[in-house]
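K.L.:
My questions will all concern the structure given below.
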Amino acid sequence: MQVKVRYAPSPTGFQHIGGVRTALFNYLFARSKGGKFVLRIEDTDRTRYSEEYEQNLYDTLEWLGLEWDEGGPKGGPCAPYIQSQRFDIYRKYAQELVDKGFAYYCFCDSERLDRIRKIQTMNKMPPGYDRACRNLTDEEIKAKMDEGIPYVIRLKVPLEGSTKFTDALLGDIEWKNEDINPDQILLKSDGFPTYHLANIVDDHLMGITHVMRAQEWLPSTPMHVIMYKAFGWEPPQFCHLPMVMGNDGQKLSKRHGATSCNEFRNKGYLKEAIINYVAMLGCSYEDGRDMYSLSDLEKLFDIKHLNKAPAVFDYKKLEWFNGQYMREKTDEELFALTWPYIANSGLFGKINEEELKKAGCRFENQTYLKPTQEQKEILMKVMPLVKERLHLLSEITEMVRFLFEEPAVPPAEEIIPKKLDAETTKKVLQKAIEVMPKILGLDDHAGGEVFRAEADAMGIKMGDFMMPVRMTVTGSRISPPLVGSIQILGIEKAIKRIEKAIAERF
């Protein structure tokens, strides 16, 4: 039997990082077993559906390199793979369950259902349908239909006994039928299927062998198993993945930080870092490494390595991964990755519409200008310096701004180190001007030794010597390595900035 899995998101928002993990685990399982990875669009929630969200889904998977074998715009032997185009199929199978006695017509209107909910809430009863229409006679059903009363189709959940299934991660599970949400709707009065009907029918017709989804769907699984049995179909192997939590133990949400893949991408996380980190959320690998490429993961992924406990999303750890992957980039690659952030930052002024038309470069649906030869030459010089300090691509602009703009002279209290007074700091800056020509052509280590010798001669720490120089040359506490920065900026410009700071602040 060939393994066949699916990622079946609802395009009701930008792709959540938790959804990305579900897609990734399904993709990796399929590739590790030589199987098929299907992309199915579950767009039956038309009030929240958006074409933008659907396109974002395709863009996200393509950017991450998670190529699907069937579904989406690609199509395939089970087309269509978009649920809103399969309504006739769902109606047919809903009717089949009614005809077999496993489902029934329900004519209760919204007012009655609201009253039931209020009574249940007042009496602290579990919510759910009271099965008022479950035992209507054929004559009663016909009479209501003849009157044109709208109806839904509900699943007839057994009143006694239990439903059992085996989860690949959680083991054998048994659910008392009396605890299953009573008689859920399968087909709405407008002909739209609910998730439960469409999901089961599509998984069967598309030959899905394994259903890997978040553990939040576990309570729905007994009902799905009941439906499989009612149809006479073999259920797939279920595998409910551990939840992705914030550091407070709550489900990951915007209050914890970025949650959509779009946000991570726009902040400047690399796809390699996202793939690597997300693949480790709730899963371990036998060789115990930190760094895995997508091709590595395709070979190593195994359901037996999944963890039952929830996975905590650690933003700092993801940032660490991002930094590691940035250091693996060549200078040319890093320039290509960072340039869109610089170009769109306004560092080189606003871009008018005519310039945009001539630009010819795209990034996240934004047009940006190509760099001038001079801009690229300067930035290529700084790439080796920033590579060790960047954690996010979006940090690049503030790191290189001093090379293209004259920074404002910082206030004296920001220039003066905590352990020095104003007079000593002034002497540091004067000494830096004096020895600046000596660092011409030196690398960071050799140039740093020139400054270290002066710091030692003054009886102060190296950091207390370098900080005032860095602040006056770059205007910031954070910059590429100082000696290299001065070499790129030019010693004359660096001296002028220090002289200006002395004149204005000391």
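Cβ atoms here come from the backbone N, Cα and C positions, even for glycine.
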K.L.:
Need the matching range: Swiss-Prot marks motif ''HIGH' region' on one of 9-19, 174-184, 262-272, and I'd like to know which.
P.N.:
9-19
K.L.:
Roughly where does the motif ''HIGH' region' (9-19) sit in mean pLDDT, to the nearest integer?
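P.N.:
Mean per-residue confidence for the motif ''HIGH' region' (9-19): 94 out of 100.
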K.L.:
Counting across all protein chains present, how many other Cβ atoms fall within 10 Å of the Cβ of LYS254 (ATP binding site)?
P.N.:
9
